Amino acid sequence: MEYTAAQSGFRQRKLQHNMRLRNSSMDGSDGSQLFDDTSATGPGAQGVYRNQQAGPQAAGGLPGQSLLADPMSNLAMAYGSSLASQGREMVDKNLDRFIPISKLKYYFAVDTVYVGKKLGILVFPYMHENWEVSYQQDIPVAPRFDVNAPDLYIPTMGFITYILVAGLALGTQNRFSPELLGVQASSALVWLIMEVLAVLLSLYLVTVNTDLTTIDLLAFSGYKYVGMILGVVAGLLFGKLAYYLSLLWCCAAIFVFMIRTLRLKLLSEAVAEGKLVRGARNQLRMYLTMSIAAAQPVFMYWLTYHLIR
C-alpha cells in the first residue's frame with residue numbers, strides 16, 4: 001500500500017512538471033522560434049519585394065521590343081523579306097521555263113467520263129468520227145470537256161500499271177526480282193524519251209509548222225501502254241495465243257488512232273487552206289505521220305514479248 005501511494009505521488013509530480021514546461025514554452029515562443037514570421041510584415045516590405053522582381057523588366061523591357069524598336073532592324077527585316085520574295089519569283093519563273101507547271105495542270109484536268117471515253121477510243125477507234133480538238137478563244141478546252149484533247153493522266157497511269165503487270169508476269173514465271181523490275185521500268189522510260197526526241201528531231205528537219213508541243217507528243221506516245229497492258233493480261237489469263245491476238249488488235253487500234261489524230265496536227269496548214277496533200281513537203285509530213293503511227297506497234301511488241309512464255 002505504501003508503494004502504491006508513493007507511485008501515485010510520483011506521477012502527480014511528473015504531470016505537474018510537464019504542465020509547467022508546456023506553459024513556459026507557450027509564454028516564451030518569441031525567444032525560442034526557429035524561423036522568422038514573415039506573415040506579419042507590412043505592406044512596405046511587400047512593395048519592396050515586388051519592386052525587386054519587376055525591376056529588370058521595368059528597366060530594360062522585353063528583349064524583342066528593343067529589337068523591333070530599332071529602325072535598322074526593321075530595315076534589315078524588310079530587305080530580307082524582299083530578297084526572299086524575289087528569289088521565290090526567280091525560282092518559279094525558271095522552273096516554269098523547263099517544267100511548265102501551269103500547262104501540266106491542263107493535261108491532268110480529267111474526270112471519270114473522259115477516261116472511260118478515251119479508253120474506248122484507244123481500243124475501238126474505228127467508230128469515232130469527229131477527231132478535231134475544240135477551242136475556246138484560241139485556247140484548247142480542258143480534256144474533261146473534249147475527248148479529243150490529249151492528256152497525261154492515262155499515259156501516267158498506264159505506265160505505272162504496265163510496270164505492275166510486268167512484275168506480276170515475272171512473278172508467275174519465278175523470275176521476279178527488284179533489280180529486274182527496275183530494269184523493266186527504266187528501259188520503258190528510256191524508250192519513251194528516245195521516241196519523243198526522235199519525233200522532235202524529225203519535226204525540226206521537216207520544218208513542220210504545228211501546234212504540237214513536247215507534252216502532246218509525250219501524251220500520244222504514252223497511249224500505247226493501254227494496249228500493252230491488255231495484251232499482257234490476256235496472255236497471263238489465256239495463254240500465248242490470246243496475247244498475240246489481243247496485241248494485234250491493240251496495235252491496229254493505236255495505229256489508226258495515231259494516224260487520225262496526228263494528221264490534223266501535222267497537216268494543219270494544208271487542211272486550213274483547203275489544199276490537197278500534194279508536193280514533196282506535204283508528202284514528207286504524211287510519211288512522218290505514218291512513221292510515228294507505225295512505231296507504236298513496234299514498241300508495244302518489243303516491251304511485252306519477253307513477259308509471256
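Cβ atoms are placed via backbone N, Cα and C, with glycine included.
For reference, TrEMBL has these:
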- 22-41: compositional bias 'Polar residues' (COMPBIAS)
- 22-61: region 'Disordered' (REGION)
- 152-171: transmembrane segment (TRANSMEM)
- 183-205: transmembrane segment (TRANSMEM)
- 217-237: transmembrane segment (TRANSMEM)
- 243-263: transmembrane segment (TRANSMEM)
- 284-303: transmembrane segment (TRANSMEM)
Below 8 angstroms Cβ to Cβ, which residues of this chain, lying six or more residues outside the transmembrane segment (217-237), approach it?
107, 119, 122-123, 150-152, 154-156, 158-159, 161-162, 165-166, 168-169, 172, 192, 195-196, 199-200, 243, 245-247, 250-251, 253-254, 257-258, 261-262, 292, 296, 299-300, 303-304, 307-308
What same-chain residues lie close to the transmembrane segment (183-205): Cβ under 8 Å, and 6 or more beyond its ends?
159, 162-163, 166-167, 170, 212, 214, 217-218, 221-222, 288, 291-292, 295, 299, 302-303
